[in-house]
Every structure is written in structure tokens, then in C-alpha cells.
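**Student:** Annotations for this protein, taken from TrEMBL, read as follows:
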DOMAIN    416-487  domain 'Transglutaminase-like'
TRANSMEM  21-38  transmembrane segment
TRANSMEM  44-62  transmembrane segment
TRANSMEM  69-86  transmembrane segment
TRANSMEM  92-109  transmembrane segment
TRANSMEM  116-135  transmembrane segment
TRANSMEM  141-159  transmembrane segment
TRANSMEM  171-190  transmembrane segment
TRANSMEM  565-589  transmembrane segment
Amino acid sequence: MKAARLKAALKETSEEIITRRTLLWLLITNLAVLAPLAGKITLGTLGICAICFVWRLGIYLGKVARPPRVLVTVLAIAAALTLALVSRELGLLNALVNLLILGYSLKYIEMRSRRDVKAVVLVGYFLIALTFIDHQQMLDALQLSLVAALNTCVLASLYHEQASFNRQIKLTLVLLAQSLPLALLLFVVLPRFSPLWMVPQMKSSTTGLSDELSFGDISRLTKSNELAFRASFKGQIPAPEDRYWRALVLEEYDGKRWQQSRGIKALQQDSFIMNRRPEPGAPKGPFIDYSIIAEPSGQHWLFGLDLAYSMDPRLVNLPDFRLYAIRPVEQRLQYRVMSYPDAPLDNRLRAPLRQLNLSLPDEINPRSRKLAADFARRYPKAEQRLTAMMQYFNSQPFFYTLTPPPVGPQQLDDFLFENRAGFCVHYASAFTFMARATGLPARIVTGYQGGEYNPQAGYLSVYQYMAHAWSEVYLEGKGWVRYDPTAMIAPERIEQGFDSLFSPEESYLSELPFAGVRASDWYNSLRLRLASLDYYWSVWVLGFDNARQQEVLSKLLGEVSIGRLAALVLGVMALTFIVILFTTGLLRLKRGPDSINRHYLKVCRQAARLGLPRPASLGPVDYAAALAARWPALTEEIESWTSLYIQLKYQDASKESAIYKRRFIRQSRALWFKLLKQDLQPDKSST
């Protein structure tokens, strides 16, 4: 009875022992797990986490003892109050994240046994998984994989306390490598479900275009090299001058700002209508088939070449020929588009929309109105008038610049007749204003123009600095027709891209850090390679939806069925299990003799041919004595050879084992050769 109690006490004591190395791994892992979630942690949660970490650090340094129960209770009450006060503002997902973080930290400060360490590690894995919800880029995945490895190191140190630091890291890498096949299998096989919660919407747009446009707006974007989206084409890529990516249509003008019409805004804000409005049929004629991967923007508008049409259920085809995401683009979004370049953009214009696109505020820009009236008088036909207006920008001394001089209340008059310097917003605004003043319905379209081709992966990258604005004029029988007056001022902007407008010293990106390095060839080559890797990550990992999953499974299994899926899963699991058994030494196949045994047995066979076989029951020492008795002249060589064999086979390996092995092989060959030369007569060999 006493022995049983003593055994139980010893087991309980061993369970409570946590080594210093395990505590060190826990300190490192705690910071690594919580750092990526910093954007979701409230101030109250952060304060509680800091107290728990500092106290546990004090325990590791030997400055404080285990926390008293009173402190743990107070922290738990504070955690509950923190969640109660902010849970409504946070939303379900962020409240859940803060709940897990608080539980993780409270368990971290009060842990006393190895069982508590396992609980902390388990919650750490859950937090790492939650981090993946809004950290999905390739670099994020690498970082979080490292955090998962650190979390696994805690387990390695817990179960292998006496192992060295390097040995624990090696064990961790082996564990992760063994789990990788199963993880890849689950990624391919598990069905794709819609999330059970909505990712909280951003408070404001992080990047990209705005639904309002005034002088100076796009200039801000042209100083940003952030990626807007990527496009990969099935077939030939459109020429640079045809790469007009429509994003927003601005029809209302108050004299200073262009913005979307009230009707379109109301349509976009009515989620019921947006989810249930009938989709228009696809246009007729040849089309361009391509896929776009849009970067997170916090906005709904997406991008496509005219006339863009998508059957993606997450998108809506709006009446102004734009693509609109039903939910804000909070994560990378991949969607397929078909563009019909020859299809007219609405060859029937209703009266309310015509009136909207003709309206101008009274008593503004009188000189611009007079210039427009002159064009209308000289060119009665609409297309001739518009061509003359385009030529006006080419014939007059206008300049393209991202830093135009300031304008007064009569913005367009100052631009057209005084400054004559600006960028795409200035020229599109002036052209659209004059077209309306001559009686032609006109509006501004904003989006992007151009795209950088990546030859390594075969796609176009469109950056924020490629933001652009142009005009659309409604012509009877043709619908909305694009007119880009910027092409008359800076044709290289359209034909060769934005890069061609400025010298390296005057670059639109010259304000960025290391601008000189960014302009170098080696940097651009490296940037394109890294961008290709990120693109493949977006396509094959983030874009691995139900359609792509069915495509991959069809290639692997032929006909996709439950039976074949089960066979695939069981086969991969069995193969992984067998590999683990082999690598851990739990399963070994019968193998032939190694090189040491092979050379030893070769000498034994030669002695057997001379009449002295080795019985299976005879050990190396006894057999050596028999050999020495038969051939006394070889006694010293036989003893040295046998001693080396015993040391290599039955004693601990040492740094000199390789040297001993080579020496044994040399002695085996020499002894075999000497036995080969012995006379077959025993009496002659013994004299």
C-alpha cells in the first residue's frame, strides 16, 4: 500500500516538473503567437497579456514565485469584464479571438504541470489557425509556419527534456515533415465550405480608387507602387493601348467633384436587390477570356476590360458595365471575366440618364462654355466635334505633370486657359465638361490603364500608380464611346505605360525608400521572380476553390467518387505511417550483412575451405583461439583483427569508429589473402 502511494506521489511530482528549457520555449512562443494578432487585440486584452507574460518571465528569471490564486482570479474577472464591454463592437470573430487570447494568457501564467503546458500549446495552435483568416499571403504563411514550429518545439522539449537544443529542433522538424503529407491531402480532399462568419469590414479603404473624383485625387495613387490586381489571359494579351480597366463610372458633377449617380449608389446599397437582381445575358461576338486576382481594398468595385461580363456568383454586372463584388474585398479575390471588345456599351439611352449626363452647374467655367459653344458651332456633327476637341489638346501647349499649379474657383477655366498643366483627371474633366456643354451626354470613367507583363509566369500586374481617368461620350447608334484626351498630351502614357513619362530622377516613385535600387535591373528581375511565386500561391492555394478542386481530383482519380476518395486518403495515410515506422526504427526489414560482417564472414569462409569452419555457437573470441591454434604464425594478426571486430560490433561508437572500420577492412583482406596462400596440409601449415 505504501509502495503504491509512493509510486503515485513520484508520478505526480514528475508531472509537475517543467524544465527551464521548456519555459524558455514557452516565452518565445507566447510572443510569436500573439504578435500576428496584434491588430485584433483590444487594449484591455493587451494589458492582461502583458501582466501574464511579465510574471512568467519573472518566474523564469527566478525573481518571483508562482502567482497567488488571488491574482489569477482578479485577472480572470478583468478578462470577463473586458470581453463584456467590447464584444458588441468587435463582432463575433474578433470577440472569439480575444476570448482565446485571454484564455491562452491566463493558462500561461497559472500553469503548474506538464498537462497545463499541453493545454497552452493546443490553444496556441488554434490561435495560429485563426491568424490565417486575414493573413493569407505567401510570406504570412511562411511566418506562421515558423510560429507553428516554435509551438511544436515546446512539445519536443516537454517529451525530450534531456535532449540538446539542436536535437529538440531536429525532432520538431521531423514531426512537421511527417505531418506534411496528411496536411496536403486534407487541403486537396476536404470540401470548400462558406465561412460561418463574416470577416469584419474595414473601417476605411486601405488602397485604391475612390467613388469621388476631384483635382489631385489620382495623383495620390500615382505615388504608390502597391499592387492593385493581376490578370492572366487564356490566349493573346491585349495591346498596351487597349488595356483600359474599368472600375467606376462618375456621372454627377457639382463644379468641383465627380461622383457616382444617386441611382447607382442606391442600387449598390440595397443588398436585397443586389443579391436577387436578374443578371443580363452575355453579349454576342468574340470575347477575351481571363482571370483576375484583386488585392484587398475594403471596397466593392472590381476591374475588367470593356465590355466586361462575369458569371461569378460573388459578383454583379451593373448597368454601367462595371463589375461589383457583393461583399467588400477584404481578402484576395480571384474571379473569371469575359470581355467583348466589339460589343456596344448601351446603344439606347433613357431620358433620365441622358439628362443626368448633360447636366452642368450654372455660372461656372464661362470661358470653357464659350470654347465648347465654338466647337458646337463649327462642327455640327458629334463625332467631328469630338475629334476637333481631342485635337485641341494636341495643338495647344498643354503639359502632363503630377504636380500641377493650384487652381481657383473656376477650376476648368484656370486649367484650360491659364495653367495648361495637369494629369489625367484634369484632361478628362475638361473634355467631359465641354462635351456636355455642346449637348452630348458624357461622363468620367476611372480605373487603371496598362499593366506590367511578367514573362516568367505570363500575367499582367496592375499597380496603383497606373490609376487613370478618361471620358465616355454617348453617340447615337454606337452607345458609350471612350475618349482619352490624355493620349493626345502624352501618348507614351497609353502606348508604353506610365514608366515612360519620367526620367529616373523625376520618377513618380522617387519619393519611395531606396528608389535608386528599385530602378536597377537586378532588383526588377528579383521582384518579378518573387511576384511570380506570390502569383502561383494566389492561384493554387488562395484560389483553390470547388472548381479547381474538382479539376485536380479528376486528374488524380478519373471519376470522383466517395470510394475513390476514401482509397486515396487511406493510401496516403498508410504510406505516411509506414515511412514514419521506418524512420523511427519501429519497423525494419531483414537486411544482408553490413560491410564489417561481410569482411568477417569472408575470412571465416576461407578458413572453412581450409578445414576450420566456424560453428554458429562459437563466438568471435573462441573462434580466434581456434584459428591461432591452427595457424600459430598468424596469431598476432588474428588477435588484432578479432579485437577490432568486437570493438566495432559490440562497443559504443566513437569519433574514431570510421578509422577503426577502415583498419579492420584492411586487416580482413590481408588475413584472407594469407589464408589463401596456406598449404592445405595441416601438418605443413603448423610447422
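One-based numbering along the chain as shown.
Using N, Cα and C of the backbone, Cβ positions are placed for all residues, glycine too.
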**Student:** Mind checking which residues of the chain, 6+ beyond the ends of the transmembrane segment (69-86), have their Cβ under 8 Å from one of its Cβ atoms?
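**Tutor:** Residues packing against the transmembrane segment (69-86) from afar: 42, 44-45, 48, 51-52, 55, 95, 98-99, 102, 106, 109-110.
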**Student:** Quickly jot the same-chain residues contacting the transmembrane segment (116-135) by Cβ under 8 Å, restricted to those at least six beyond its ends, or write none.
**Tutor:** 18, 22, 26, 29, 33-34, 36-37, 93, 96-97, 100-101, 103-104, 107-108, 110, 141, 143-144, 147-148, 151-152, 154-155, 158, 199, 330-331
**Student:** Averaged across the domain 'Transglutaminase-like' (416-487), what pLDDT does the model get? Just tell me the whole number, please.
**Tutor:** 92
**Student:** Quick test of the contact rule: Cβ under 8 Å, at least six residues beyond the ends. What residues does that give for the transmembrane segment (21-38)?
**Tutor:** 49, 53, 56-57, 59-60, 97, 101, 104-105, 108, 117, 120-121, 124, 127-128, 130-131, 135, 140, 143-144, 146-147, 150-151, 153-154, 157-158, 161, 165, 168
**Student:** When secondary structure is assigned with DSSP, how many helix, strand and coil residues does the domain 'Transglutaminase-like' (416-487) contain?
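**Tutor:** Result for the domain 'Transglutaminase-like' (416-487), in helix, strand, coil order: 23 helix, 32 strand, 17 coil.
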